[in-house]
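J.: Pasting in a structure now, in structure tokens, and then I'll have a few things to ask.
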Amino acid sequence: MSKEARPSWDSPMQFVLACVSYAVGLGNVWRFPYLCQMHGGGGFLIPYLLMLFLEGIPLFCMELAIGQKMRLGSIGAWTAISPYLGGLGIASVVTSMYLCLYYNVINAWSFWYLFHSFQSVLPWAECPVNANRTGYLEECEVASPTQYFFYRETLNISSSIDENGGLHMGQALCLLLAWIIVYLFIVRGVKSTGVVVYFTATFPYVVLFIYLIRGVTLHGAWNGVKYMFTPKLEQLANPQTWINDATQIFFSLGLGFGSLIAFSSYNHHNNDFEKQAVVISLINSGTSVFASVVTFSIYGFKATFNYENCLERMRMLCLNAFDLSEESISAENVTAWISHLNITHPERFAAIASKIEHCSLEAELDTVNYPSLTIQRLQLVLTLILSSDISYSGIFINAPACRILGHNFWSVTLVVLWSLAGLVCLLCLLLGFGFTSRSGSYWFTIFNEYAATLSLLFIVFIEVISVCYIYGLRRFERDIEDMLGHRPNWYWKVMWAVVSPLLLFSLFIFYIINYIQGGTPTYQAWDKDLGRSVVKEYPVYGQVFIALLLLSALSCVPLAALHSVCRRKQRGTPIREHRHA
């Protein structure tokens, strides 16, 4: 491929905005708050900040340097470093494809909420009436209007992964719309993408600020914010917390997907990627915390609402069961009254004991319905997911195009490129239809939990080992000096050569150990009778699919290296290290 024919960003600012638009995405507003809630707020934030400086920023800078020096996409850049590393780029492409498949499903959900929001009364604000119009639907009553709309109207979810059912036609059409939009952005190339990112990189912050003002003014919002910044220190001793922090850094910054290498390959030779890496990383992580404050303020409102409703139910239960004045029991003292009545009137209390609920604000914060609350912020979600999905899609669309067209990639007609992009998008659309079936949400969960976590740890570990010990750290330093006019300082070299590889290898081993010791993988299945999720084990075919998903990206590296060795033997070429000059 002719590097001279490769287009470039119009300015460094355009490149920074493109990286911000790509990196600031679903990982910030969806995955980061979810993991923060899972690991007890501050118990997740502390390791996250450590991971940011120990692996996030150094590896982000390394990928930008590789792309800018090689002026090639992910597969081409790693092949240039060594012919045996082409599988590293392929693994990135495979991982990007997996991410695109289920990221665009969230786009479809967002469109679904958007199209249902043009009503005076939002459909997720209250329960629908039953067929006899004598009351509300039972499933909605035992759950909540928000949960009912998400699980029944949006997903039409089955009770287990074994019950497939047909496609949800509304969701299928929304998914079609999402892929059409991605295709239209992709076919315009880097120039139009550069224009788009001026909007996609800045608009989310406007929406976030609006949501922040609205969120912090809600009743109980500060309960959620306090929950977010209060650490559960026992989480620091949990290896899974550190693994999730590391993979969240990859998701958030976009490490290991090949997109950063591709983006920086359009930079001019002397672009100052070092400062850009620090700035973009800090903007990205700051956005994660900012978005989490917005999210947890809404969590706090919802949890406080549920908590106060629980207290009111217990108050009315006690008032109706015992001869007490209405003023005697309040939300503040109802818990004390329940204990008192249990001691003083044990016989009468036994009659209502089965109806007594344990009202806990912290328990409500632990179990807030996460997906539906996030999807309701559809303007923000749509903008962020589309900007990230365009980047991921571009990687696995350009990869086959480069392989097919080779040196003629930049000289072929637009019709050929548009056709190739259309075929890849069509294939992904057809595969994505599986997520719109009744059991599609469970397959979505499999991809969300297993498609990229282990593979990203492996990919980034091989990347840093390849640069420092195959390409050579000193050679890499000279490349950086050639581009920036100075060599990297001790911080970059220590992180690249020692700290990051050891940390990544340790997390990789911990992940495998936890996976083996964890027993049969489980998932959350929706029980319409109980109005909540219950834990079920994946069937055998689900476990086999998880294993294949984990191995599919990992196997690309050794298989591609083996293929390269066989080809060189057939040609009679000595097997030796090849380095990009």
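Heads up, the Cβ atoms here are built off N, Cα and C, so glycines get one too.
Whatever TrEMBL says is automated annotation, not expert-curated.
Fair warning: this is a prediction, and the values are worked out from it, not measured in the lab.
For reference, TrEMBL lists these features for the protein:
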BINDING   Ala23, Val24, Asn28, Ser252, Asn284, Leu384, Ser388  Na(+) binding site
TRANSMEM  12-32  transmembrane segment
TRANSMEM  44-66  transmembrane segment
TRANSMEM  78-105  transmembrane segment
TRANSMEM  169-187  transmembrane segment
TRANSMEM  194-213  transmembrane segment
TRANSMEM  249-266  transmembrane segment
TRANSMEM  278-299  transmembrane segment
TRANSMEM  378-397  transmembrane segment
TRANSMEM  409-435  transmembrane segment
TRANSMEM  450-473  transmembrane segment
TRANSMEM  494-513  transmembrane segment
TRANSMEM  540-562  transmembrane segment
J.: Please figure out which one of 44-66, 78-105, 169-187, 249-266 racks up the most CB pairs under 8 Å against the transmembrane segment (494-513).
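T.: Comparing 44-66, 78-105, 169-187, 249-266 against the transmembrane segment (494-513), the winner is 44-66.
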J.: Would you find the one among the binding-site residues Asn28, Ser252, Asn284 whose Cβ has the most company, meaning other Cβ atoms within 10 Å?
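T.: Comparing the binding-site residues Asn28, Ser252, Asn284, the most crowded Cβ belongs to Asn28.
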J.: Go through the chain and flag residues at least 6 beyond the ends of the transmembrane segment (540-562) whose CB is under 8 A from any CB in it; none is fine as an answer.
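T.: Here the qualifying positions are 84-88, 90-91, 94-95, 98, 161, 446-447, 450-452, 454-455, 458-459, 462, 520-521.
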J.: Six or more residues beyond either end and a Cβ under 8 Å away: which residues meet both conditions relative to the transmembrane segment (450-473)?
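T.: Same-chain contacts beyond the flanks: 55, 59, 62-63, 66, 78, 81-82, 85, 88, 91-92, 94-95, 98-99, 102, 243, 246-247, 250-251, 255-257, 493, 496-497, 500-501, 504-505, 507-508, 511-512, 515, 546, 549-550, 553-554, 557, 577, 579-580.
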J.: Can you name the far-off residues of the same chain, 6+ from the ends of the transmembrane segment (249-266), with a Cβ under 8 Å from a Cβ of it?
T.: 6-9, 15, 18-19, 22-23, 27-28, 31-32, 48, 51-52, 55-56, 59-60, 63-68, 70-75, 77, 89, 92-93, 95-96, 99, 190, 273, 280-281, 284-285, 288, 388, 391-392, 394-395, 398, 452, 455-457, 459-460, 463
J.: For the transmembrane segment (44-66), which partner among 78-105, 169-187, 278-299 gives the most CB pairs under 8 Å?
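T.: Answer, by Cβ pair count: 278-299.
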